[in-house]
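Worksheet: the structure to be examined is printed underneath.
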């Protein structure tokens, strides 16, 4: 994908950048002129990303480690753009939900977003920089899905966190929005939804009749990061083919 938006000279941090949506966002921002720091807990993914796009600065870090995150993200900044993409999906029936699933999911999907955003926003404010933050949420924040009790809950919490962030950071010229995709055809998405019966049941609920491609989500993120959306904050951009209206 060749983005037609310019981020020349702007500093960007992308979490969960080793694979899928986060990786594609990091590459797209780099091609659009941004100075990108790509964060992942998997060193091999970062190594292959840097080979693909040598201008990217890798940052290997587990966001569940609060103190390490404070030190590493603080030292890597300041940033003007932030994409909180890192997430886990530990799917279990409600009656079998484990403490481990709850703690890990909220650590990564909610607590890490709050913490990274605090670090980055404080630096933006200290530097007098306007900025944009995009939190990658999900249609699951607004629609119950079987076996998704914890995941749906973390994404719902993320949506409300984003709205409060938008309210409190707006006076500092920092915009905060979410993108809320349906199933996305990342490598993992293609594997998880390869069963025709399972995928057909979901696609039948999507008016456009298809799952999202990675570029569909990347384009939405780039728009929300860009000055093209200068008056947009506190919003959730649905990238769901109409799933939520069906």
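Cβ atoms here come from the backbone N, Cα and C positions, even for glycine.
Here's what Swiss-Prot has on this protein:
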| type | residues | note |
| --- | --- | --- |
| ACT_SITE | 151 | active site, proton acceptor |
| BINDING | 13-41, 155 | NADP(+) binding site |
| BINDING | 138 | substrate binding site |
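This view paints the features noted in Swiss-Prot onto the structure.
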| residue | record | contacts (Cβ under 8 Å, 6+ apart) |
| --- | --- | --- |
| 13 | NADP(+) binding site | 36, 37, 39, 73, 76, 77, 79, 81, 82, 83, 116, 120 |
| 17 | NADP(+) binding site | 23, 25, 26, 38, 39, 40, 45, 46, 49, 85 |
| 21 | NADP(+) binding site | 85, 136, 181, 184, 186, 214, 217, 218, 221 |
| 29 | NADP(+) binding site | 7, 12, 14, 36, 81, 222, 225 |
| 33 | NADP(+) binding site | 6, 7, 8, 9, 10 |
| 41 | NADP(+) binding site | 18, 60, 61, 62, 63 |
| 138 | substrate binding site | 151, 155, 180, 181 |
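Within 10 Å of the C-beta of residue 25 (NADP(+) binding site) there are 28 other C-beta atoms, taking all protein chains into account.
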